[in-house]
Amino acid sequence: MTPHINAKIGDFYPQCLLCGDPLRVSYIAKKFLQDAKEITNVRNMLGFSGKYKGKGISLMGHGMGIASCTIYVTELIKTYQVKELLRIGTCGAISPKVGLKDIIMAMGASTDSKTNRVRFLNHDLSATPDFELSLRAYQTAKRLGIDLKVGNVFSSDFFYSFETHAFDLMVQYNHLAIEMEAAGLYATAMELNAKALCLCSVSDHLITKEALSPKERVESFDNMIILALEMMTQ
């Protein structure tokens, strides 16, 4: 048990899917897992373990932003011995290379947060995912007929009042979308010798102002959930 997770030691499988929204975690458990069991609920940040096609998998919410995500990822790795962490979330696209419903694999994560500079003694940390997980995601997407978009994301501490004038520069440096956690997830996994990857479904486009309806968001997210479960239980 930790200050933020009240699961017992052994309740988490080595493979864990992460979502910012704990209700999305509950949705995945109920719709996609067999024998799903709630294992933690501190602060209503839900976690579950269950089976997908007979193989064990865990789910955990992490809240919004790098600070919150880092807390849960640290405790999952250090206390519960989770070895592979896959964040599945939504993002706002900024690149013309991607559109609504596309799934992005974040091969690098820039950020306006100071957390990685603090942990890396004020140097620039290359926040990148695990290669084996990335390869597995890419190969699984190919098998499922999913056109996975690969590029960088920008993990911002700001949901509102973001520096929109910087979008053109980000696109120039092959940043496909804005989200809020990948840079912290990758850095924490690197520090603690775990494997991590972030997949994001495009729910809206910050340049064209297009956005999915609530129904379309669920449908597009389901495709990413299936991809995530398939690759994490191989």
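From the backbone N, Cα and C atoms, a Cβ is placed for every residue, glycine too.
Features of the protein shown, as given by Swiss-Prot:
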- Asp204: active site, proton donor (ACT_SITE)
- His4, Glu179, Met180, Glu181, Ser203, Asp204: purine D-ribonucleoside binding site (BINDING)
- Gly20, Arg24, Arg43, Arg87, Ile88, Gly89, Thr90: phosphate binding site (BINDING)
- Arg217: site 'Important for catalytic activity' (SITE)
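Sequence features annotated in Swiss-Prot and their locations in the structure.
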residue	record	Cβ contacts under 8 Å, 6 or more apart
His4	purine D-ribonucleoside binding site	Val42, Arg43, Met45, Ile71, Tyr72, Glu75
Gly20	phosphate binding site	Gly61, His62, Gly63, Met64, Cys69, Gly89, Met180, Glu181
Arg24	phosphate binding site	Gly61, Phe221
Thr90	phosphate binding site	Glu179, Cys200, Ser201, Val202, Ser203, Arg217, Phe221
Asp204	active site, proton donor	Gly92, Ala93, Leu100, Glu210, Ala211, Leu212
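Sequence-distant neighbours of Arg87 (phosphate binding site) (same chain, six or more apart, CB under 8 Å from its CB) are Leu17, Leu18, Cys19, His62, Cys69, Glu181, Ala182, Leu185, Ala196, Leu197, Cys198, Leu199, listed in sequence order. In the three-state DSSP scheme, Arg24 (phosphate binding site) is classed as helix. Taken residue by residue with DSSP, Ser203 (purine D-ribonucleoside binding site) is part of a strand. When Cβ atoms from all protein chains are considered, those within 10 Å of Arg217 (site 'Important for catalytic activity') total 17, not counting its own. Of all Cβ atoms in the protein chains displayed, 26 besides its own lie within 10 Å of the Cβ of Met180 (purine D-ribonucleoside binding site). Whole-number maximum of the Cα to Cα distances across the purine D-ribonucleoside-binding residues His4, Glu179, Met180, Glu181, Ser203, Asp204: 31 angstrom.
Comparing Cβ neighbour counts within 10 Å across the binding-site residues Glu179, Glu181, the minimum falls on Glu179. Between the binding-site residues Gly89, Ser203, the minimum number of other C-beta atoms within 10 Å of a residue's C-beta occurs at Ser203. Each of the binding-site residues Arg43, Ile88 was scored by the number of other CB atoms within 10 A of its CB, and the lowest score belongs to Arg43. Under the DSSP three-state reduction, Arg87 (phosphate binding site) is assigned to strand. Classification of Met180 (purine D-ribonucleoside binding site) by DSSP places it in coil, neither helical nor stranded.
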